[in-house]
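Okay, so here's the structure we're looking at.
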Amino acid sequence: VPLFYKLQITSTFEYLHLRFDSVAVRKLGSVLGIISTLTYMGTSAFAPSTALEAVTGFPVWASILLTVGVGTIYTSIGGMKAVIWTDVFQSVIMFGGILAVVVMGTVRIGSVSKVFEICQEHGRLNFFDFNFDPTRVNTFWIITLSNTILWWKSYGTGQASVQRFCSLPTLKKAEIAVLLAIPMQVLLITLVCFGGLVMFAFYAQIGCDPLEQGYVKTGNQILPYFVMDTFRSLPGFPGLFLATLFSGALSTMSSGLNALSAITWEDFLKYRLRHLKESRKALCTKLLVLIYGVCSTGIAILAMFIKGPIMQAGSTLSGAISGSLIGMFVLAAFTVTSNWKGTLAGPMVSFPIMVWIAIGGQSIKGNNQYLPPGPT
């Protein structure tokens, strides 16, 4: 936080330019950042769309267009202020919806201890798998390392985060904002993970696997099916649940669009269009938001062809790109002997290799079964 705040830069990749005195390094970092953000935005827009289809039958493609369209419009009109305030409101809705799912599901099962008892019985509570096999997904080492890289990228060097804490009036307030975000993120992830345990325990208790029985098309639709199955006696709750899902998607969409617009303008267009009036420059940034909104729509539609958990696929691809980006910032901030040539060569080699591995891992069906099947 102190590093970026004291520099008061708009684009995080401007730091790479200052550190290595290389435009090429800055532009490479910007390109990788744009690809990473677009990939995550696209998968985030697709996830609630498939849930809406499971609940209402509303077409996925139409839901994607509406989600991206709404996020693009209010981001282009309101800018950073609109993004921050809508994120606050959407965060409250997300926490409320997830908490309601967890509480009501636990009540239907019997107790929290009963949830853990059922999950333990069916092999869902292997927290400390210290296997060093890199082909296994849910080991302690893989989860720790991958999440460290992902969250370091998001909160340490991510354009959306840096923009926000640099906009605060003092460094102390910026540091407090980041420190407050950490426990809130931990709480959110804990609630989501426990929600998954609650769903499994509920269907294991009644001896039903919705995916195996054909009640849902993909594993991405189990959560909305659980909500409709469990809360059908509570009018309005399925609507609250859908609002929870779309709040998360819109939050990701608006933050990403705002960040992409800033990166593109600062790193590629600002110098070339320096002669324009301020009103024209503002118009250009709004057009960039619209362009990236269209790109996100295309990626979300392509995500329809991904088999398996959509968020896992999005996190895998994003992590493959984030590793190269984090490497550039680590060289810049923590070494004194690195130069622009090494910083440029590293991502150019690692990026295609990691993306190849990530895509192969998602598209090739292996023999590795991560969890034992549920009861039917």
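Every residue number used here counts from 1 along the chain in the order it is shown.
From the backbone N, Cα and C atoms, a Cβ is placed for every residue, glycine too.
If you look up TrEMBL, you'll see 28-46, 58-76, 88-107, 137-155, 176-203, 240-263, 283-305, 317-337, 344-364 marked as transmembrane segment.
Among the listed stretches 58-76, 137-155, 176-203, 283-305, the one sharing the most Cβ pairs under 8 Å with the transmembrane segment (28-46) is 283-305. Highest Cβ pair count under 8 Å relative to the transmembrane segment (88-107), across stretches 58-76, 137-155, 176-203, 240-263: 240-263.
Long-range contacts of the transmembrane segment (58-76) within the same chain, counting only residues at least 6 positions beyond its ends with a Cβ under 8 Å from a Cβ of the stretch, are 45-46, 48-50, 52, 82-83, 86, 246, 249-250, 253-254, 257-258, 286, 289-290, 292-293, 296-297, 300-301, 304. Within the same chain, residues 10-11, 13, 30, 33-34, 37-38, 40-41, 44-45, 47-48, 51-52, 55, 67-68, 70-72, 74-76, 79-80, 82-83, 86-87, 89-91, 93-94, 96-98, 100-101, 158-160, 163, 224, 227, 231, 285-286, 288-289, 292-293, 296 sit at least 6 positions outside the transmembrane segment (240-263) and bring their C-beta atoms closer than 8 Å to a C-beta of that stretch.
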